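Colleague: Quick one: the structure is below, and I'll ask about it shortly.
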Amino acid sequence: MAGQVRPITLVGTPVLHQACRPVQEFDAALAELADDMFASMYAAEGVGLAANQIGVDLRIFVYDCPDEDGGRHKGTVVNPVLELPDLADRRLDDSEEGCLSVPGPHARVARPDRAAVHGFDVKGDPITVEGTGLLARCLQHETDHLEGKVYIDRLSARARKKVLKEYEELRAAAAEAG
Ligand SMILES: [Zn+2]
């Protein structure tokens, strides 16, 4: 892996809570950013990572994630636009979700069980990625990040508070352990 592992941005950092800027240049710097994002995602043992999770304000995410049949899918999506099934065809999958930027806790989030994103690869060629199972969840979670939304923003106020409390307690314990 060519990329460099960069620190993961944590919840509360402004870049995670605002919409990212569209990518305009498909240049070497963008390819390098994608490499760094893969390296950072693997180091943190995640299945997806958005650029603002390493502090970069650009609309790009990477993923390496299984679908509902266990097939592995890996790639980069630049300037993604999410497409969900029509309401009439929509089935919700109410499964546990977590986030590298809120390390520790998990919470149930109901999301459509299939999703597609339209966008570009790092070279600027148009692509569409369709996903089921965990991949469908990942595509939605990462696109949310680029809109400045963390999964806990989709929880009830009470569930959100519980997740943040668990996260803070783990942080405090880790700080104490040195
Ligand atoms: Zn996340």
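A Cβ is built for glycine as well, from the same backbone N, Cα and C atoms used for every other residue.
In case it's useful when we look at the structure, here is the feature table from TrEMBL:
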- C99, H141, H145: Fe cation binding site (BINDING)
- E142: active site (ACT_SITE)
Colleague: Do any residues at least six apart in sequence from C99 (Fe cation binding site), in the same chain, have a Cβ closer than 8 Å to its Cβ, and if so which, in order?
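Modeller: When sequence neighbours closer than 6 are ignored, C99 (Fe cation binding site) has V11, H141, V150, Y151, I152 within Cβ distance under 8 Å.
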Colleague: An 8 Å radius from the center of the C99, H141, H145 Cβ atoms defines the neighbourhood of the Fe cation site; name the other residues of that chain inside it, in order.
Modeller: G48, A50, Q53, L100, S101, E142, D144, V150, Y151
Colleague: So if I draw a 10 Å sphere around the Cβ of H145 (Fe cation binding site), how many other Cβ atoms end up inside it?
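Modeller: Result for H145 (Fe cation binding site): 25 other Cβ atoms within 10 Å.
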Colleague: Once near-sequence residues are set aside, which residues in the chain of E142 (active site), 6 or more away, have Cβ atoms under 8 Å from its Cβ?
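Modeller: Result: G48, L49, A50, F61, Y63, V77, P80.
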Colleague: Please report the number of other Cβ atoms within 10 Å of the Cβ of H141 (Fe cation binding site).
Modeller: 26
